[in-house]
Amino acid sequence: MAPLRLDTVLKLNDGRTIPQLGLGVYQSRGRACVAGCAEALRLGYRHIDTAQLYANEAEVGQAVRDEAHAKRDEAHAKRDDVFVTTKIWDSNHGYDAALRSLDKSLAASGLAYFDLVLIHSPNPGAAKRLETYRALVDARKRGLTRSIGVSNYGPHHLAELDTHFPHDPPAVNQIEASPFFQRADIVAACRKRSIVVQAYSPLGKGAFTSLPALQRIADRHAKTPAHVLIRWSLQRGFVCLPKSSNADRIAANADVFSFELSDADMAELDAMETGSGITWNPTLVE
């Protein structure tokens, strides 16, 4: 495999690209969120993942705008260099409601467009989520977003889109994925459709990071368990979204490009599957 770097991107099925390592900002608020995003961008991150539910689109937008106008000696990221994702929350489903909410998200962020807009979950039911997806297709045509996708979709939800939107497939499906909850069924359904898998909660539960088998792999590479888990996700070909607003942790999460997990390491990690996640199981939603 080609060496992975902080600026590595993956090709989307709509022809665009997405940075493979991103910053998740769930539960990050206020000045801490702005500062965390700013530090990530200074370090070379070029991907931030927010959502309407997170209530921090304004903070993310501020950090991106501030970075674009930064005056410092080292290079800074212009708006087009930074990939910003948001997600339509369950209460904003339906064609008109989704578009209204997206307009509000753009206004809150102060950005002219998002790089990716996802349906956050399949929860509202088939009729509503299909209306919302149609809204995303039209939002892309209007230039409000460059790419569209879904989150927490199971195989049957993806099949539903095959039927109703055969010419507008989602570019991304963002799901919980880690060695402890690998979701092989969803990953296979995405691969079949050339849909990029984004992994949230890539570190699993905090207790998992103290597993002796995981620590042994980390020790072999003089890295931490968190480094190993992020690296597993990247080597699986996922977009990895570890979340933090702590500057030291944001830097540490990007320190994963000086080593490579062997096939044996990957097999050991694959064997850590537990069959259950730390969030929820989207395949149970009809």
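Glycine is treated like the rest: Cβ placed from N, Cα and C.
Around Y54 (active site, proton donor), a 10 Å sphere centred on its CB holds 22 further CB atoms from the protein chains shown. According to TrEMBL, the active site, proton donor annotation covers Y54.
The annotation substrate binding site is assigned in TrEMBL to H120. Counted within 10 Å of its Cβ, the other Cβ atoms near H120 (substrate binding site) come to 22, all protein chains included.
Per TrEMBL, domain 'NADP-dependent oxidoreductase' is recorded for 39-272.
Secondary structure from DSSP puts K87 (site 'Lowers pKa of active site Tyr') in a beta strand. Summarising the environment of K87 (site 'Lowers pKa of active site Tyr'), the number of other Cβ atoms within 10 Å of its Cβ, over all protein chains shown, is 26. What TrEMBL lists as site 'Lowers pKa of active site Tyr' is K87.
On a Cα basis, H120 (substrate binding site) lies 5 Å away from K87 (site 'Lowers pKa of active site Tyr').
In the three-state DSSP reading, H120 (substrate binding site) counts as coil. Y54 (active site, proton donor) falls within neither a helix nor a strand when secondary structure is assigned with DSSP, and so counts as coil.
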